[in-house]
Amino acid sequence: MGGEQEEERFDGMLLAMAQQHEGGVQELVNTFFSFLRRKTDFFIGGEEGMAEKLITQTFSHHNQLAQKTRREKRARQEAERREKAERAARLAKEAKSETSGPQIKELTDEEAERLQLEIDQKKDAENHEAQLKNGSLDSPGKQDTEEDEEEDEKDKGKLKPNLGNGADLPNYRWTQTLSELDLAVPFCVNFRLKGKDMVVDIQRRHLRVGLKGQPAIIDGELYNEVKVEESSWLIEDGKVVTVHLEKINKMEWWSRLVSSDPEINTKKINPENSKLSDLDSETRSMVEKMMYDQRQKSMGLPTSDEQKKQEILKKFMDQHPEMDFSKAKFN
């Protein structure tokens with residue numbers, strides 16, 4: 001039978017026809033067979049039973065395709081569910097270890113590398129400060145430092161993101177990627193939590209988490225809208241409630257979970273921790289461009305758009321050597 005493009009050839013016409021059948025698929029099928037009966041010799045033109053055989057074969061073919069599609073969809077959903085459960089369990093384990101007091105923690109290679117980078121940056125900052133006191137740095141360096149301090153003035157007081165690009169707060173911990181957010185809320189109770197003990201209400205722009213009969217741990221307006229039907233929550237180890245939220249806008253970092261939370265400095269977020277591989281190619285290229293432009297701006301270098309303009313200008317100047325651009329001003 002025909003390929004996908006051939007199958008979709010009459011979709012517009014059939015969809016318009018289907019929308020005029022208030023009785024649904026049954027009425028649409030009846031109209032189709034009525035057309036075959038009245039306008040063709042489908043039922044009487046061939047041998048006995050040929051029409052019925054053709055209908056049965058066609059139904060069997062498309063039924064197999066439909067069942068295959070449904071199985072593949074279920075497999076994808078199950079894989080996503082397992083991934084979310086594993087992520088929630090990992091988050092709950094981290095939250096539980098943090099509430100159980102100081103412990104020796106073995107760092108992963110990535111965490112160790114990031115920690116070493118922070119130590120090196122701190123040493124560089126100390127050396128820089130010492131050089132400033134000794135007067136060994138020239139005035140342009142001092143001017144750059146003052147400009148950086150002025151630029152970051154509005155970010156003073158904001159929290160530094162945790163390793164998951166979220167925040168570690170007194171009563172809960174949250175992490176995020178561009179497309180989703182995970183939250184772990186540990187409860188200090190002397191019994192194993194069950195679903196009936198909890199009040200978890202996920203709405204498009206509001207979240208509430210707490211114990212029944214107790215003041216809610218979280219009860220506020222979310223930073224932005226979430227897909228309620230794709231969000232979920234569960235209880236880990238009988239002590240920690242984990243919540244998974246799917247963002248509607250997958251092109252932004254949240255600076256807080258709910259409006260009552262302190263803000264994190266989204267400029268210090270590490271984009272590499274997010275799952276760019278989960279995004280479609282178009283969205284991924286846009287995000288990578290945003291990340292590149294952000295890095296360029298932080299270093300005082302031209303963005304990708306500015307680089308393109310410079311290349312076009314340079315090409316034009318090369319093609320017109322007779323023109324004098326020395327006194328020209330470019331924006």
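FYI, residue positions are counted from 1 along the chain as it appears here.
Note that Cβ sites are derived from N, Cα and C of the backbone, with glycine treated the same way.
Feature annotations, courtesy of Swiss-Prot:
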| type | residues | note |
| --- | --- | --- |
| MOD_RES | SER60 | phosphoserine |
| REGION | 62-108 | region 'Disordered' |
| COMPBIAS | 75-97 | compositional bias 'Basic and acidic residues' |
| MOD_RES | THR108 | phosphothreonine |
| REGION | 129-170 | region 'Disordered' |
| MOD_RES | SER136 | phosphoserine |
| MOD_RES | SER139 | phosphoserine |
| MOD_RES | THR145 | phosphothreonine |
| DOMAIN | 167-258 | domain 'CS' |
| REGION | 173-331 | region 'Interaction with EML4' |
| MOD_RES | LYS239 | N6-acetyllysine |
| MOD_RES | SER259 | phosphoserine |
| MOD_RES | SER274 | phosphoserine |
| MOD_RES | SER277 | phosphoserine |
| MOD_RES | SER285 | phosphoserine |
| MOD_RES | SER298 | phosphoserine |
| MOD_RES | SER326 | phosphoserine |
- Message: Of LYS239, SER259, SER285, which is closest to SER60 (phosphoserine) if I measure between C-alpha atoms? They're all modified residues.
- Response: SER285
- Message: In whole Å, how far does the CA atom of SER285 (phosphoserine) lie from that of SER259 (phosphoserine)?
- Response: 31
- Task: Using all protein chains shown, find which of the modified residues SER60, LYS239, SER259 scores highest when you count other CB atoms within 10 A of its CB.
- Result: LYS239
- When a 10 Å sphere is centred on the Cβ of SER285 (phosphoserine), how many other Cβ atoms does it contain? 12
- Rounded Cα-Cα span from SER259 (phosphoserine) to the residue listed as 'N6-acetyllysine', Å: 26
- Item | Structural state census, the domain 'CS' (167-258) (DSSP three-state) | 6 helix, 44 strand, 42 coil
